[in-house]
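> Below are the features listed in Swiss-Prot for this protein:
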CARBOHYD  ASN388  N-linked glycosylation site
TOPO_DOM  1-27  topological domain 'Cytoplasmic'
TOPO_DOM  49-70  topological domain 'Extracellular'
TOPO_DOM  92-98  topological domain 'Cytoplasmic'
TOPO_DOM  120-123  topological domain 'Extracellular'
TOPO_DOM  145-155  topological domain 'Cytoplasmic'
TOPO_DOM  177-190  topological domain 'Extracellular'
TOPO_DOM  212-289  topological domain 'Cytoplasmic'
TOPO_DOM  311-315  topological domain 'Extracellular'
TOPO_DOM  337-343  topological domain 'Cytoplasmic'
TOPO_DOM  365-395  topological domain 'Extracellular'
TOPO_DOM  417-432  topological domain 'Cytoplasmic'
TOPO_DOM  454-459  topological domain 'Extracellular'
TOPO_DOM  481-551  topological domain 'Cytoplasmic'
TRANSMEM  28-48  transmembrane segment
TRANSMEM  71-91  transmembrane segment
TRANSMEM  99-119  transmembrane segment
TRANSMEM  124-144  transmembrane segment
TRANSMEM  156-176  transmembrane segment
TRANSMEM  191-211  transmembrane segment
TRANSMEM  290-310  transmembrane segment
TRANSMEM  316-336  transmembrane segment
TRANSMEM  344-364  transmembrane segment
TRANSMEM  396-416  transmembrane segment
TRANSMEM  433-453  transmembrane segment
TRANSMEM  460-480  transmembrane segment
Amino acid sequence: MSLKNWLLLRDIQYEGTFYKKFPHVYNIYVIGFIACISGLMFGFDIASMSSMIGTDVYKDYFSNPDSLTYGGITASMAGGSFLGSLISPNFSDAFGRKVSLHICAALWIIGAILQCAAQDQAMLIVGRVISGMGIGFGSSAAPVYCSEISPPKIRGTISGLFQFSVTVGIMVLFYIGYGCHFIDGAAAFRITWGLQMVPGLILMVGVFFIPESPRWLANHDRWEETSLIVANIVANGDVNNEQVRFQLEEIKEQVIIDSAAKNFGYKDLFRKKTLPKTIVGVSAQMWQQLCGMNVMMYYIVYIFNMAGYTGNTNLVASSIQYVLNVVMTIPALFLIDKFGRRPVLIIGGIFMFTWLFSVAGILATYSVPAPGGVNGDDTVTIQIPSENTSAANGVIASSYLFVCFFAPTWGIGIWIYCSEIFNNMERAKGSALSAATNWAFNFALAMFVPSAFKNISWKTYIIFGVFSVALTIQTFFMFPETKGKTLEEIDQMWVDNIPAWRTANYIPQLPIVKDEEGNKLGLLGNPQHLEDVHSNEKGLLDRSDSASNSN
């Protein structure tokens, strides 16, 4: 098989678009990997700080920032991401998902340049804010794009590529940062931060060669392009394929339903009909932060300092959890579509609070005060004595096990889930608000955690353990199952108001809708529906084809 055939490369001219001169790739896995490079950038950001905060060259060059200042530098990226997430839907809904991904790449590159060239704390913060805005665009647009373009049976796998890219980005840049520790002077962090531009450049180029979201095109009455894209992804270009026609009919009927509520705004997310989805989406992203994982990522060097590890030993030990994060995410890409979202999230929550309480218990029992801090850092106020290796190893093992259960559950599951629960009309703004919530709590934790480590030390883990208990309970009672359902069926499941714990085997019966002439189009999700629409001479698909031909 040639590379062109494997990529499903098609030289299709799309009228009236900036991207019409470029051939497009229709291999859904390649599409997903390109769109989710924004996740790689997110991971690069996390590791770019965690690999540098313990180095003397970083501390000396940036005037030995205290815990509050360091929290501000770290949080500046999340602050920019929060802003970018809220702005993103205005571009994504008006100009397309691809435009948002291009803005993501452009802002990220600009921010990386400023960070690489930073002369002081202020310039570093400005660069991180701009890069953060890019990540805000990407974290809102990429999961939405992947959920809208993927066939239902593999939607979890494709959408999960975003989180997989995050884990790869963390691991890759951490090891780059570790290698740069052996370089003298400011070049150590400048090379590390400068290399952040690479995924931005790849995304900038790659977006030209992926198709637009068919659901976005349908919402903008561009049916010919919608048909071509769905056909090329699902059936190698066969527009008459039964599965292709069925997906197009689902999209068309959802567009009819959505057309009754144009100009959907953020305030509409809090109306009675939409509020349950909004609560679930916002709380899911909130819990992903409050479970403590990003604390493990941003501040892993501090954690291992508490366990008695210093210098290169600390960095090497810290890097293992980044490898585990990648390795444990890979099987989840395929298993989440087999076992479902709810079981994965609930089991993950149970094990996460187990290991958080384990870390807290070991540190509370075996650590001793460390006046003046550890290794010159007053943020770390306790340490396990060097002779107590069993306790130190217990902290390390619990940290690793936490990562092993977070990665395949709340790591990958939430970005998939929040891109599925909203309908076409709500999806851009609903996903953006959910992502903005993630970034808001990311910002708050980046500011809070250094001070928490300094003032309450091991009790910090008790707080995150309690949060993990709470998220497990809410997941059981409020998070419906979305596995194997079309996006349109998921929307109807909310309308039917089925208890979350009964949704795994529930098959929604979508309401009868009519075309503009009053003809019934049948029940969406009902096997008879396909025959109803095919036999209806005035169905929307035939009328849209006629309209295209007349034009």
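Including glycine, each Cβ sits where the backbone N, Cα and C put it.
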> Mean pLDDT for the topological domain 'Cytoplasmic' (1-27), as a whole number?
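For the topological domain 'Cytoplasmic' (1-27), the model's average pLDDT rounds to 62.
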> Check the transmembrane segment (344-364) against each of 124-144, 433-453, 460-480 and return whichever range has the most CB pairs under 8 Å.
460-480
> What parts of the chain pack near the transmembrane segment (71-91), using Cβ distances under 8 Å and only residues at least 6 beyond its ends?
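For the transmembrane segment (71-91), the nonlocal Cβ contacts are 45, 49, 62, 65, 99-100, 103-104, 107, 111, 121, 124-125, 128-137, 139-141, 298, 428-429, 432-433, 435-436, 438-440, 442-444, 446-451.
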> Summarise the topological domain 'Cytoplasmic' (145-155) by DSSP state, stating how many residues are helix, strand and coil.
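The breakdown for the topological domain 'Cytoplasmic' (145-155) reads 9 helix, 0 strand, 2 coil.
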> For ASN388 (N-linked glycosylation site), which DSSP three-state class applies?
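In the DSSP reduction, ASN388 (N-linked glycosylation site) maps to coil.
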> Using all protein chains in view, find how many other C-beta atoms are within 10 Å of the C-beta of ASN388 (N-linked glycosylation site).
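Summing over all protein chains shown, ASN388 (N-linked glycosylation site) has 17 other Cβ atoms within 10 Å.
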> Are there residues at least six beyond either end of the transmembrane segment (191-211) with Cβ under 8 Å to its Cβ atoms? List them, or say none.
19, 22-26, 30-31, 34-35, 37-38, 40-41, 44-45, 48, 51-52, 98, 101-102, 104-106, 108-109, 112-113, 115-116, 118, 131, 134, 138, 149, 169, 173, 176-177, 180, 183, 229, 232-233
> With DSSP as the reference, give the number of residues of the topological domain 'Extracellular' (49-70) in helix, strand and coil.
12 helix, 0 strand, 10 coil
